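Novice: If you look up TrEMBL, you'll see Asp70, His72, Asp139, His323 marked as Zn(2+) 1 binding site. Residues annotated as Zn(2+) 2 binding site in TrEMBL: Asp139, Asn179, His287, His321. Taken from TrEMBL, the feature disulfide bond covers Cys85-Cys90, Cys91-Cys111, Cys247-Cys295, Cys445-Cys449. Sequence annotations record features per position, and here TrEMBL assigns domain 'Calcineurin-like phosphoesterase' to 63-324.
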Amino acid sequence: MYVFSRLTRHKPSVACGYLLPQCADSTDPEGAAWIVTLPPKPKDNPRKSRPIRYSSRSNAKDLRVLQLTDIHVDFQYLPGSEAQCSMPVCCRDNSSKPAQKAGYWGTAADCDIPPWTVEHMLQHISQSHQIDAIILTGDYINHVDWQYSEDEHLVALRKLQNLIVKYFPSTPTYWSLGNHEGVPVNSFAPHFVEERFWPTWLYNQLKNMSSPWVEGNVTNRQISKMGSYSTMMAPGLKLISLNTGFCETTNFFLYLKQSDPDGTMSWLVRELYASEKSGDAVHIMAHIPPGDGECLEGWARNYYRVVQRFANTITAQYFGHDHNDFFIVFYENMDDVNSRPVSVGYAAPSVTTYSNLNPAYRIYTLDASNRYVPSNFEVYTTDLYKYPTANDNPEWNQLYSAKEEYGLPDLSPNSWNKLINQIYTETSTRNTFTKNSFRSATPACDAACVRGLLCNLRMGHHNESLYCSPPKAYLLTNRVP
Ligand SMILES: [Zn+2]
Ligand SMILES: [Zn+2]
């Protein structure tokens, strides 16, 4: 109501555009047409001309980084309850005769994951892998978003934080915010609106969770202002945690003014420019991939331009939000998929089972001798159907290892781009990719759903007619087994 009353007073065309996209003013520099200023490119390729500060050091060691995304832990999960309920989220309300009983360790249905399964997974990871750092790319809260409150969010976030500290007390742990951290869901008020809407409570909690791995006055100011921050993850490697609440299509505050919310995009540019000059590599962790349907095109185009400009500095991008496992290739020309691939973003599989998914986690190996470019990653999952009761002990097994599974020589943008072409043209590669994306050989995903998944691979921004060109014959006739 607050947004509507301000819009109708000052910007009737924006109010109309909010309701009907076709009447939005696409040239409004405070709306979808905003443009962040980029510094000029260095004359020489910085890879060749600038000193690479640490990566050639013989004692620099490769890093093993755990990515957990979209945990959506449900503290009210109820084993034995109805898993096929009529509500958007099931497995939490008692029913005398459930059509499908919620399993003890979780259910691949419209259900979020119980806290004891998250704990089982964390314990397993701590006992089976050597982890140098953890990145958490948002959406920690359950999907029962009509009941959200700030107090309950804080309780859930603190419980999750304690669980991670319990198993990884001395592992640097970095958090990003997801759209489900907002109250109401997807709301992240920029500071140009009245103070009563500011998500100060959430940004303070992010500061708390990030401590002691992210600290200092500058970083704390970044978090308080934007819900984003930068920190050195290793010598020569900067990590930027980016708040993509500022690209959410239903973060209604953005319809008052879309351009550079709280200066976040220009801050990102300054951080990257400083790293380019110093020769540091940068990894970006964020929740919503820019080409996602829930991300505003104004943000997506600017983010894409930033990735193009700093393609030599950004050596990895980590996302979540989709719950399916996929990747996104960015190109030299954002409207030409035949132009040179310049960067790749990794959208990791969710920990939650929502919807119809097995829980999963991912571990990257970052190559210290090559600017911490990921040299490989593995995905691990468990098959919940095999473990219905409390007496079962779920096994977490490797689902796939990227290089070996797809025969990639490396994890360069060029190699991923070639893989996209294989996925589009070879049935066996496409089936392998789809199986991995859903953690199931028989996903609940029809042809339209698979088409959406395949389109994601080139959707660094929203241009479906240019980017979405998997073979039409397949898309119209085939169904996933
Ligand atoms: Zn999510
Ligand atoms: Zn999300």
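Note that the numbers count up from 1, one per residue, in the order the chain is shown.
Just so you know, glycine gets a Cβ as well, placed from its N, Cα and C.
Automatic, uncurated: that is what TrEMBL annotation is.
Thinking about packing and proximity, how do these listed features fit into the structure?
Specialist: For His72 (Zn(2+) 1 binding site), the Cβ neighbour count at a 10 Å cut-off comes to 25, with all displayed protein chains included.
DSSP assigns His287 (Zn(2+) 2 binding site) to coil, not to a helix or a strand.
A coil conformation is recorded for Cys85 (disulfide bond) in the three-state DSSP classification, outside any helix or strand. A 10 Å cutoff on Cβ-Cβ distances gives Cys85 (disulfide bond) a total of 20 other Cβ atoms nearby, all chains included.
DSSP assigns Cys91 (disulfide bond) to coil in the three-state reduction, outside any helix or strand. Taking Cβ-Cβ distances under 8 Å and a sequence separation of 6 or more, the neighbours of Cys91 (disulfide bond) in its chain are Asp74, Tyr77, Leu78, Ser81, Glu82, Ala83, Cys85, Ala102, Gly106, Thr107, Ala109, Asp110, Cys111, Asp112.
Less than 8 angstroms from the CB of Cys247 (disulfide bond) sit Ile288, Pro290, Cys295, Leu296, Trp299, Ala300, Tyr303, each of them six or more residues away in the same chain.
Cys445 (disulfide bond) falls outside any helix or strand according to DSSP and counts as coil.
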Novice: List, in sequence order, the same-chain residues at least six positions removed whose CB sits under 8 Å from that of Asn179 (Zn(2+) 2 binding site)?
Specialist: Gly138, Asp139, Val185, Asn186, Thr244, Gly245, Glu248, Asn251, His287, Ile288, Glu294, His321
Novice: Of His72, Asp139, Asn179, His321, which binding-site residues come close to ligand 2, meaning Cβ under 6 Å from one of its atoms?
Specialist: Asp139, Asn179, His321
Novice: Using DSSP reduced to three states, classify His72 (Zn(2+) 1 binding site) as helix, strand or coil.
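Specialist: For His72 (Zn(2+) 1 binding site) - judged by DSSP and reduced to three states - the answer is coil.
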Novice: For the Zn(2+) 1 site given as Asp70, His72, Asp139, His323, which other residues of the same chain have their Cβ within 8 Å of the site's Cβ centre?
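Specialist: Along the chain, the qualifying residues are Thr69, Ile71, Gly138, Gly178, His180, Gly320, His321, Ser350, Val351, Thr352, Tyr354.
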Novice: Over the domain 'Calcineurin-like phosphoesterase' (63-324), work out the mean pLDDT and round it to an integer.
Specialist: 97
Novice: Roughly how many angstrom lie between the C-alpha atoms of Cys90 (disulfide bond) and Cys445 (disulfide bond)?
Specialist: 19
